[in-house]
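S.K.: Pulled these features from Swiss-Prot for this protein:
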TRANSIT   1-57  transit peptide
REPEAT    160-194  repeat 'PPR 1'
REPEAT    196-230  repeat 'PPR 2'
REPEAT    231-261  repeat 'PPR 3'
REPEAT    265-300  repeat 'PPR 4'
REPEAT    301-335  repeat 'PPR 5'
REPEAT    336-371  repeat 'PPR 6'
REPEAT    372-406  repeat 'PPR 7'
REPEAT    412-438  repeat 'PPR 8'
REPEAT    439-473  repeat 'PPR 9'
REPEAT    474-508  repeat 'PPR 10'
Amino acid sequence: MRGIFLIRSRLSIFRAPAVKCLRFSNVLPSLSNNCIVRLYMEPPVACVLPLGLCSMFSTSIADSEQVGFTRSNIEKDDESDIDLGCSISDELVSEDVGKISKLVKDCGSDRKELRNKLEECDVKPSNELVVEILSRVRNDWETAFTFFVWAGKQQGYVRSVREYHSMISILGKMRKFDTAWTLIDEMRKFSPSLVNSQTLLIMIRKYCAVHDVGKAINTFHAYKRFKLEMGIDDFQSLLSALCRYKNVSDAGHLIFCNKDKYPFDAKSFNIVLNGWCNVIGSPREAERVWMEMGNVGVKHDVVSYSSMISCYSKGGSLNKVLKLFDRMKKECIEPDRKVYNAVVHALAKASFVSEARNLMKTMEEEKGIEPNVVTYNSLIKPLCKARKTEEAKQVFDEMLEKGLFPTIRTYHAFMRILRTGEEVFELLAKMRKMGCEPTVETYIMLIRKLCRWRDFDNVLLLWDEMKEKTVGPDLSSYIVMIHGLFLNGKIEEAYGYYKEMKDKGMRPNENVEDMIQSWFSGKQYAEQRITDSKGEVNKGAIVKKSEREKNFLQQPEVRKVVREHGYSFWDE
């Protein structure tokens, strides 16, 4: 009761008049000229793979910015490497995109047939066309690379940085790092100015995604080889990539190792702090970094508070959220929209919905910060999780009245309370009517849900719809599909999707690989045992028959007698 009383007493500040506070200004320290500490050797940049041979694909043995790292942000970051902003205004280009897309679909996984049909088609590639096709086939690296190489050989077409970056990102995502470095080397030979910091940042992100921290740092050192400057922004991009893919501890280590070259800076610490808060979700480690900032003389700013409040909000520590919120005001740091959104989420999660609504009014009327879609999502999501469907719908209607359009996250919250396959497809139809197309993540969520319900007919419908209306299933989609089918006894079907995934060059995680291989080994062993046992039975029957024939003259005739109803009969 005392805890609730303290929380409610703190909530009263939301109705109090606003206190005039000075905004905290963050001054970056001057850069030092000392060299960065070298922890690893530089990577080999130039590779000798013949790029012109489409059939030769190499495999690697290694497997001012806002910091908010959620799954959706990671996906957006991946997609930003692949140019998706290509609006096809030219009717001829749009027609050519349709032709190439049909070719790709008809050829399936037959790369040789695809190469032959591309050579026979009358399509002339352009920069716009290549970017669009690479975007559509980005989950099938062999198809993408086959098309990319074919386009590069056509007269009148010269690759730009956009196409190179898209292809490098696709290769890096599928761990074809050697081939990606070959493309970078080709860019350098064609024109040294083509290789920029964004090119190497794509490689850094892909190495971080597979947790190869050493090669990510090596690639950062390769900036000098390409005559690129290694400024504080580039260093913070490295930290951001490391934290985005859960290499947060390594990022924190780099800050201290390179303090002479890159002095302690609030933004650098905020990247690591946010990694512990929103990627790893470890309040203990986040508090350690928070204390380290104070120990080295780096002041906490609004981003620091936003990360910590978000961390406590997700963990359900409402009391700590309100303490930090009070502390911000005492230190004259004005909360921004992100802070308010996190506090709204914490209040709604703790069932203080009316207080959350009051805070939304306060931020709009007294602070002049209008609630956005994220603010309403922060309220809708915990309501849906608590099965308060009617209240969630009221908030949804209120959001529409304010002229805000729901995002994919809004609909994902409502998907958690669906109960039948019919409701799933009804919600998908409403999404499209509102102009919000489902993403691959949407289909993954629904496929997982329908597999739990053992509604496999609708699972297959969703899978086909995903293949038709999105860029196609990615690795995560296949893993969810294989798990859902396998754990529900649809083992042969799961194995079919496993083979399809392997044919596309995707690497499953160890759990899926072990699960399928164990079943496949057991299946082969069982089939072999059945074959062997049948052979032994047939062999034994032949031996017994031959022995009877051989000893027929030496043995007396033996006939069996059966008894039935008190009478004896010869056994026929």
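Even glycines carry a Cβ here, placed using N, Cα and C.
The shown structure was predicted, so the numbers you read here are calculated from the model rather than taken from an experiment.
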S.K.: Compute the average pLDDT of the predicted model within the repeat 'PPR 4' (265-300).
M.R.: 96
S.K.: Counting by DSSP, what is the helix, strand and coil composition of the repeat 'PPR 9' (439-473)?
M.R.: 27 helix, 0 strand, 8 coil
S.K.: Would you mind listing the long-range same-chain contacts of the repeat 'PPR 7' (372-406), meaning Cβ under 8 Å and 6+ residues beyond its ends?
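M.R.: 337, 340-342, 344-345, 348-349, 351, 353, 356-357, 360, 413-414, 416-417, 434-436.
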S.K.: Which residues of the chain, 6 or more past the ends of the repeat 'PPR 10' (474-508), have a CB below 8 A from one of its CBs?
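M.R.: Distant contacts of the repeat 'PPR 10' (474-508): 57, 63, 109, 139-142, 174-176, 440, 443-444, 447-448, 450-452, 454, 456, 459, 463, 466, 515-516, 519-520.
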S.K.: Write out how many residues of the repeat 'PPR 8' (412-438) are helix, how many strand and how many coil, based on DSSP.
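M.R.: Tallying H, G and I as helix, E and B as strand, the rest coil: 17 helix, 0 strand, 10 coil.
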